[in-house]
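The region 'Disordered' annotation in Swiss-Prot covers 1-81, 93-188, 329-355. What Swiss-Prot lists as phosphoserine is Ser19, Ser232, Ser238, Ser241. The feature compositional bias 'Low complexity' is assigned by Swiss-Prot to 45-54, 143-162. Under the heading compositional bias 'Polar residues', Swiss-Prot lists 95-106, 338-351. The domain 'Protein kinase' annotation in Swiss-Prot covers 412-712 and is backed by sequence analysis. Per Swiss-Prot, ATP binding site is recorded for Val418, Gly419, Ala420, Gly421, Ala422, Tyr423, Gly424, Glu425, Val426, Lys455, and the stated evidence type is sequence analysis. Residues or ranges marked as active site, proton acceptor in Swiss-Prot: Asp563.
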Amino acid sequence: MVMQEEKKRQQPVTRRVRSFSESFKNLFRPPRSRDSSPINVTRIPYRSSSTSPKRSSEPPRRSTVSAQILDPKNSPIRQRSYTLKCCTPGLSHPFRQTGSGASNSPTRHRSISGEEQEIVNSLPEYKRSASHTFHGIRRPRSRSSSVSSCDSSNGTTSSSDSQWAMDSLLDDSDNDLTPYRGSNKDILKSKDRAPYNYIDDYNKKALRRATSYPNPLPSKQFYNERLYTRRSHPDEESLESLPRFAGADVQCIIEQNGFKVYEDGSHEHNIKLSGVIAKLEKGNSLPAHRQGSLSRPRLGITLSGLFKHHKNECDIENALSLLPNVEKSQTNHEKRTGQSPNDSNRSSPTQGREDYLKIVNPDASLGSDELKLINSLSSRIHKSLQNYLQEKNLKPAECIGEQAPTFQDNYGHPVGLVGAGAYGEVKLCARLRNEKDSPPFETYHDSKYIYYAVKELKPKPDSDLEKFCTKITSEFIIGHSLSHYHKNGKKPAPNILNVFDILEDSSSFIEVMEFCPAGDLYGMLVGKSKLKGRLHPLEADCFMKQLLHGVKFMHDHGIAHCDLKPENILFYPHGLLKICDFGTSSVFQTAWERRVHAQKGIIGSEPYVAPEEFVDGEYYDPRLIDCWSCGVVYITMILGHYLWKVASREKDMSYDEFYKEMQRKNQFRVFEELKHVNSELATNRKIALYRIFQWEPRKRISVGKLLDMQWMKSTNCCLIYDST
């Protein structure tokens with residue numbers, strides 16, 4: 001008996017591989033840091049497929065996979081066999097191809113043909129080994145799978161086409177996929193199709209992986225629209241040169257009003273399209289319109305009262321751009337290449353002058369080029385307004401002596417109403433796509449049309465001419481410089497609304513912007529409140545992280561928004577957030593300044609205004625009021641209503657209660673009662689909220705430091721940003 005027990009102790013203990021459910025004790029734990037962390041990416045919003053087989057709790061330790069490889073030149077199908085070797089959990093899995101050198105392999109062997117030997121001889125030395133071992137890097141599993149041709153008798157999967165190696169393995173420790181990153185780089189130069197999805201079948205005691213490809217690669221426009229993932233690789237291989245990987249299904253564990261959370265912690269947004277664009281996409285053609293008019297679209301819906309024609313309405317048929325031709329051509333070139341065409345040869349416009357100012361802040365959005373554009377636009381707007389006030393029906397200055405493209409040539413015609421502002425309405429315009437249009441598209445589009453948001457700016461009879469001119473110029477310059485920022489090779493932020501052009505007509509000015517088809521955050525919250533619902537905390541966290549990154553981009557380039565509120569936050573259906581309306585933005589630092597300019601006075605909408613703005617004569621940092629506004633926006637998303645109407649103890653009892661509780665208990669009841677999916681996220685969020693809602697500006701956290709807090713670091717966002 002003693003001898004038997006001694007033998008049992010000496011025998012190695014066989015550890016069972018952890019099952020999928022055991023690997024995720026905490027579904028929403030913070031992601032592990034990895035050397036190959038993705039930058040500037042958008043997670044692929046794959047949908048869960050109900051057709052994929054379910055896996056049992058224990059995967060097999062060894063499996064054989066057979067793949068049919070079809071030579072495009074010769075019709076016979078050759079059969080290859082592969083061996084999957086299971087490794088220690090946490091390490092990358094080797095994937096061995098059996099051949100003449102793999103004598104110990106349990107799978108059957110096949111001699112290499114003469115044609116294949118020529119291919120092997122043409123490869124570099126490091127690729128000629130008879131038994132190839134492929135190692136990979138981790139990559140998240142996708143949420144869709146397609147069924148390949150499977151042989152259930154021997155646990156193999158067959159697929160067709162040539163030179164495709166096995167692309168991934170399943171890591172037993174955490175069910176991450178380890179994709180192959182080897183010779184695919186050379187293969188993909190001559191291939192334009194992606195492999196089949198890979199299917200697991202743990203119930204059959206075999207791990208089946210096969211490759212084939214009728215699925216085309218996603219077009220470049222999806223990558224540029226940030227619908228697909230961009231990841232950094234050691235060999236500088238972009239995702240556009242790699243096949244889209246589709247692995248095992250991931251189960252959806254939370255679904256609330258179109259928002260889905262999956263068991264790997266990722267999520268998917270499904271925001272409804274606005275009513276105007278939903279109507280247009282159902283029809284086969286654009287609605288009829290009066291030629292050149294911005295005011296009488298026919299949508300087939302009850303909007304006739306909004307589009308009654310008036311004598312003073314804006315006809316934009318002859319509206320022309322106010323941007324100088326040189327500036328516009330350089331802007332178009334910068335959109336494509338990221339640099340100015342004459343950067344190497346062009347000298348500074350002020351070179352040689354004794355009073356030339358040295359640029360000390362090259363990252364500032366407002367530099368010498370923007371200053372020249374401001375002067376040019378101001379003079380043209382002043383001249384046009386003088387002609388308008390004197391009732392001189394003159395053509396725009398740009399149309400004299402040159403054949404410039406009109407508004408209708410570049411942006412089409414109006415098809416609907418989006419909203420209204422202080423100085424005019426915002427309309428939706430659409431233009432047919434043509435051969436010159438190629439990805440990336442910087443605004444919403446479908447298979448036939450490209451859509452633009454057009455804001456009509458017209459002075460009121462009693463408005464101050466100088467103030468109106470300043471507002472138009474500053475709003476366009478700030479939005480244009482932020483959305484087309486290409487200095488020092490840097491790309492614009494994905495969370496800033498693109499501003500394309502400003503045009504003038506005989507009686508008004510027209511600003512052309514990017515169109516976001518899912519509407520604004522205010523409309524989203526109103527719609528949910530009618531259904532007695534609210535945003536899920538994980539969805540609100542994702543929106544908050546995007547908002548903070550957009551605001552940080554503005555602050556890094558010397559601009560504070562100063563009017564952050566749900567009405568100025570727009571969305572795409574897949575959850576991409578855009579910050580808009582820079583009419584009240586403040587330039588606190590230019591390219592020639594080192595210090596930050598403080599400001600005073602109330603700016604913005606009262607529920608989102610920081611308390612220091614209500615102090616008469618007090619100067620404050622505009623960056624800190626943006627941080628306060630972001631906090632109010634987040635609480636509004638979570639609660640579905642304001643915390644208070646005004647952040648002033650004298651004017652609002654709710655704010656006074658918040659102030660007293662913080663003074664007496666050093667905590668606020670509303671923040672303490674907020675729930676999240678787990679206690680860790682709830683605690684981290686609560687700590688961040690207390691840092692945001694500090695009524696003393698010197699104690700308030702900045703946007704950059706807020707992004708470095710554990711709450712935001714552990715938040716899964718639709719976009720993964722560059723840490724630099």
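Glycine residues also receive a Cβ, built from the backbone N, Cα and C atoms like all the rest.
Shown here: features listed in Swiss-Prot, placed on the structure.
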residue : record                       : DSSP (3 states)
Val418  : ATP binding site             : strand
Gly424  : ATP binding site             : coil
Asp563  : active site, proton acceptor : coil
Residue among the binding-site residues Val418, Ala420, Val426 whose Cβ has the most other Cβ atoms within 10 Å: Val418
The residue listed as 'active site, proton acceptor' and Val426 (ATP binding site), distance between Cα atoms, whole Å: 19
Nonlocal neighbours by CB distance (under 8 Å) for Gly424 (ATP binding site), same chain, sequence gap 6 or more: Lys455, Glu456, Leu457, Lys458, Ser508
Between Val418 (ATP binding site) and the residue listed as 'active site, proton acceptor': CA-CA distance (Å): 20
Across the domain 'Protein kinase' (412-712), average pLDDT on the 0 to 100 scale: 91
